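Q: Grabbed the feature section from TrEMBL, which reads as follows:
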- B:24-161: domain 'Cytochrome c assembly protein' (DOMAIN)
- B:39-61: transmembrane segment (TRANSMEM)
- B:73-99: transmembrane segment (TRANSMEM)
- B:111-127: transmembrane segment (TRANSMEM)
- B:139-159: transmembrane segment (TRANSMEM)
- B:188-210: transmembrane segment (TRANSMEM)
Amino acid sequence: MINKAFSFCCTCVLLLLSLLANAQQQNTEKGPVNEFFRSNDKIYVIVGVLLIIFAGIIIFLISLERKISRLERRDHQERQ
Amino acid sequence: MAKHWWKALAVLILTYTIIAGFTHKIPIIGTNGQSSRGLYFHVPMWVCMYTMFTISVINSLRYLSGYDLRKDALASAAGGVGVFYGVLGFATGTLWATYTWGSTFTSDPKQMLTAVALLIYMAYLVLRMSISDIDKRARISAVFNIFAFALLIPLTYIIPRMVDSLHPGSASTPGFASKDTDNNMKMVLYPAFIGWTLLSVWIFTLVVRYKKLELKNIFK
C-alpha cells in the first residue's frame with residue numbers, strides 16, 4: 001500500500017513539474033545567490049549539479065547500509 | 001556512530017574535491033585546457049580499482065590457505081567492486097581521450113592493455129557464475145584471481161611505463177615524479193585519492209555484508 005501511495009505522489013509531483021516547465025520564463029532575478037551562480041561562465045551551476053548527484057549517491061549508500069544492518073540484526077536475533 | 005567516522009571523512013573529502021576540483025586555478029597546458037581537472041576524478045578510479053583487486057587477491061590467498069568460504073566472499077566482493085571502478089575509469093578515460101588525443105580508441109598501449117586487464121577480471125566474474133558448486137567455485141576462482149593479479153600489474157603499469165604512450169606515466173612522459181604535477185593540483189589530487197578510496201571501501205563493505213547474509217546458512 002505504501003509503495004502505491006508513494007508512486008502516486010511521485011507521479012503527481014512530476015506532472016506538476018511538467019506544468020511548471022510549460023509556463024517557463026527566463027530567470028533574470030538579481031541577488032547575491034543568482035550573481036554567484038552566473039559568475040565565472042556559470043561553472044558553479046555544474047559544481048552544484050555534481051554536489052546534488054554526490055549527495056544522492058551518499059544518501060542511497062546510507063539507506064542501503066541501514067537496510068543491511070536491519071537484516072543483520074534480525075538474523076542475529078533468529079540465531080539466539 | 002564511532003565506527004562510521006571514516007565514511008563521514010570520505011564524504012567531507014569528496015565534497016572538497018568536487019568544489020575545489022572545479023573552481024581552483026590550474027595551469028592550462030596544450031590540448032588539455034580545463035579538462036586537466038579530470039585528474040581528480042579519472043585517476044582515483046584506478047586507485048580504487050587497484051585497492052579492490054589487491055584486497056581481492058589477498059583474500060583469495062587466504063581462502064586457499066584455509067578453505068574458509070568467508071574469505072572467498074570477501075575476494076568476490078572486492079573483485080566485483082574493482083571491475084565496477086575499472087569500467088568507470090576506462091569510460092572516463094575514453095571520453096577524455098576523445099577530446100585531447102583526438103580519438104576515443106587509439107593504439108595507445110596503456111588504453112589497450114588496460115582493456116585487456118579489465119577483460120581478464122570480467123572473466124573472473126563470469127567464471128564464478130559458471131560453477132554452481134560453492135567449494136569448487138571458490139577454489140578455481142581463487143586460483144584464477146591470483147593469475148589475474150599477476151597479469152594486472154605488468155599489463156597496466158609496467159609495460160605502459162616501458163614504451164612510448166600518449167598517457168602520462170609512460171617512458172616519454174613519466175608520471176608521479178616530483179616536478180611534473182603542479183603543486184596547486186596536488187592539493188586536490190592527494191585528498192581525492194584518499195576520499196575516493198574510502199568511498200570504494202564503503203561500497204565494498206556493503207557488498208560483503210550482503211553476500212554474507214545471502215550465504216548465512218553456509219556460514220553458521
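In case you wondered, yes, glycine gets a Cβ from its N, Cα and C as well.
Please treat TrEMBL annotations as automatic predictions, because they have not gone through curation.
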Q: Checking distant contacts: for the transmembrane segment (B:188-210), what same-chain residues at least six beyond its ends satisfy Cβ-Cβ under 8 A?
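A: Tertiary neighbours of the transmembrane segment (B:188-210) are 6-7, 9-10, 12-14, 16-17, 20-21, 24, 39-41, 43-45, 47-48, 51-52, 55, 73-74, 77-78, 80-81, 85, 181.
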Q: Using DSSP, what is the helix/strand/coil residue split across the domain 'Cytochrome c assembly protein' (B:24-161)?
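A: Split into helix, strand and coil, the domain 'Cytochrome c assembly protein' (B:24-161) gives 116 helix, 0 strand, 22 coil.
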Q: Summarise the model's confidence over the domain 'Cytochrome c assembly protein' (B:24-161) as a mean pLDDT value.
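A: Overall, the domain 'Cytochrome c assembly protein' (B:24-161) comes to a mean pLDDT of 92.
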